[in-house]
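Copied over from TrEMBL:
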type	residues	note
BINDING	ARG22, GLU85, ARG124, LYS458	(6S)-5-formyl-5,6,7,8-tetrahydrofolate binding site
BINDING	ASN230, THR249, VAL251, THR254	K(+) binding site
BINDING	230-235, 249-255, 274-277, 360-362	GTP binding site
BINDING	SER234, THR255	Mg(2+) binding site
DOMAIN	220-379	domain 'TrmE-type G'
Amino acid sequence: MRDDTIAAIATPPGEGGVAIVRLSGPEAIAIADRVFRGRTPLRSIESHRLVYGHLVDPATEAVLDEVLVGVMRRPRSFTREDVVELNVHGGRLVARRALELVLKEGARLAEPGEFTLRAFLNGRIDLAQAEATLDVIRAETEAALLAAGRALRGAFGEAVRAVRAALLRLVTRLEVAVDYPEYDEPDVTRAEIAAELEALVGRLRALRGEAALGRLLRDGVPTAIVGRPNAGKSSLFNALAGEERAIVTDVPGTTRDVLEVRLVVGDVVLRLVDTAGIRRSDDPVEAIGIERARKALREASLVLAVVDGARPLSPEDAALLAELRERSAIVVLNKSDLPSVVTPEAVAAHLPSAPVVRVSARTGAGLPALRAAILRVLGLSPEARPEAMATANARHLAALDAALEAVEAARRAAGAGAPEDAVLVDLRQALRHLGAILGEDVDETVIRTIFSDFCVGK
Ligand code: GDP
Ligand code: ZN
């Protein structure tokens with residue numbers, strides 16, 4: 001339990017119906033009592049009640065505002081500490097004055113995210129839930145909000161805990177085998193352990209897959225539009241974005257900057273990048289754009305390959321398509337308003353795995369089909385999406401990757417007949433990585449970075 005009491009304005013700045021000054025800590029009620037005048041002092045009211053009264057400056061007894069005050073006694077509060085919320089009239093000045101009063105009476109101004117940090121440190125929520133708080137606040141689509149809500153209620157942490165429990169059971173069994181070899185039944189054990197490791201790898205892979213989708217929902221999908229000059233990349237970008245954002249010209253090579261637009265497709269935010277076209281160039285300015293385009297392509301989770309459907313496929317088109325074989329890609333056969341020359345079969349000869357969608361960036365024909373294909377390729381169409389999807393972030397994915405790698409190493413070691421303690425080293429490693437998702441044994445600087453993203457008062 002922290003020994004100081006923190007306070008902050010919990011509502012956004014500006015005018016509103018109500019502003020809330022929140023206090024948390026051992027002195028929260030006592031401090032609030034010194035600036036509150038009501039029928040009964042706050043220390044004698046029941047928990048989870050709102051009471052009416054006045055906010056006063058104790059030095060002068062001057063009334064600052066009418067207030068409704070909520071008292072949430074520990075441990076039944078968000079932080080598991082005593083929490084007081086002063087509901088004052090909305091308005092910057094009133095809220096600030098109320099905050100100043102409680103600071104003068106001994107509260108300390110909270111750091112960004114410090115209320116949530118205390119909830120985490122006091123064991124009320126795990127780190128993944130704390131992170132999800134921010135996901136809820138920042139959600140840009142209905143689906144992202146739902147998924148963030150599930151993560152906030154602990155769904156993602158639960159899934160991690162379930163895999164961790166299975167892993168822990170296996171570790172315990174192996175430890176027993178190491179410590180009491182006389183209990184060992186070699187024939188059963190070897191095969192069983194191999195099977196359990198196999199199952200664990202499968203569960204971790206599935207969890208990783210869901211977390212990857214959860215991350216796309218949370219962060220948006222880095223999307224690159226590629227294709228040779230004049231295929232219609234900028235036009236498609238504009239058609240999808242619904243605005244003239246990129247400069248469309250007839251001169252090949254004029255899209256020099258990499259633009260990014262956040263675009264909602266169904267339930268997903270695409271972070272769409274218009275590139276300068278992937279090709280060699282002697283023009284240094286253009287070379288910068290091309291380097292950025294290459295980077296955008298490398299980092300993209302989705303690639304829209306634009307092909308001019310009204311001209312024969314060029315060797316350049318063919319090379320680009322072949323390059324996308326291992327990627328989540330969609331081939332956009334553009335200019336469907338003109339007589340078509342390129343067939344989907346011709347495209348499939350170079351890139352058999354990708355769906356091909358005919359569109360006209362000029363007229364907008366085919367764009368709904370393209371949007372549907374995007375969601376399908378990502379595994380995020382409403383029918384295909386996991387039912388209880390929760391948000392996840394890059395930190396979670398990195399930890400899941402590391403855990404998966406460790407369990408795979410354990411499986412290899414066990415398969416090669418390594419002794420139990422060797423297998424255990426890898427499995428304990430995996431346990432640590434899964435624990436880190438929930439905030440166990442996590443470096444303080446990591447925690448600090450996570451909470452520094454929060455606003456004050458959260
Ligand atoms: P980029 O170099 O790939 O970005 O191609 P642009 O978007 O700049 O388009 C190149 C040229 O093709 C421009 O003259 C566009 O007007 C034209 N264009 C783009 N999309 C279409 C389309 O769907 N139909 C037709 N007829 N022309 C298009
Ligand atoms: Zn362009």
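Glycine residues also receive a Cβ, built from the backbone N, Cα and C atoms like all the rest.
TrEMBL does not curate its annotations; it predicts them automatically.
Positions of the features from TrEMBL, shown on the structure.
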residue : record                                              : Cβ contacts under 8 Å, 6 or more apart
ARG22   : (6S)-5-formyl-5,6,7,8-tetrahydrofolate binding site : ALA7, ALA8, ILE9, ALA10, VAL83, VAL84, GLU85, LEU86, PHE115, GLY457
ARG124  : (6S)-5-formyl-5,6,7,8-tetrahydrofolate binding site : PRO75, PHE78, THR79, ARG80
ALA361  : GTP binding site                                    : GLY232, SER235, LEU236, ASN238, ALA239, ASN334, LYS335
LYS458  : (6S)-5-formyl-5,6,7,8-tetrahydrofolate binding site : ALA10, PRO112, GLY113, PHE115, THR116, THR133, LEU134, ILE137
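Residues ARG22, GLU85, ARG124, LYS458, recorded as binding (6S)-5-formyl-5,6,7,8-tetrahydrofolate, reach a greatest CA to CA spacing of 19 Å.
Of the listed binding-site residues, namely ASN230, SER234, the sparsest Cβ surroundings within 10 Å are found at ASN230.
Proximity of the binding-site residues (GLU85, ARG124, LYS233, SER234, ALA361) to ligand 1: a Cβ under 6 Å from the molecule is found for LYS233, SER234, ALA361. When pLDDT is averaged over the domain 'TrmE-type G' (220-379), the result is 82. GLU85 ((6S)-5-formyl-5,6,7,8-tetrahydrofolate binding site): 20 other CB atoms within 10 A of its CB, across all protein chains. Taken residue by residue with DSSP, LYS233 (GTP binding site) is part of a helix. A strand conformation is recorded for ARG22 ((6S)-5-formyl-5,6,7,8-tetrahydrofolate binding site) in the three-state DSSP classification. Candidate binding-site residues: GLU85, ASN230, LYS233, ALA361. Those with a Cβ under 6 Å from ligand 2, in sequence order, are LYS233.
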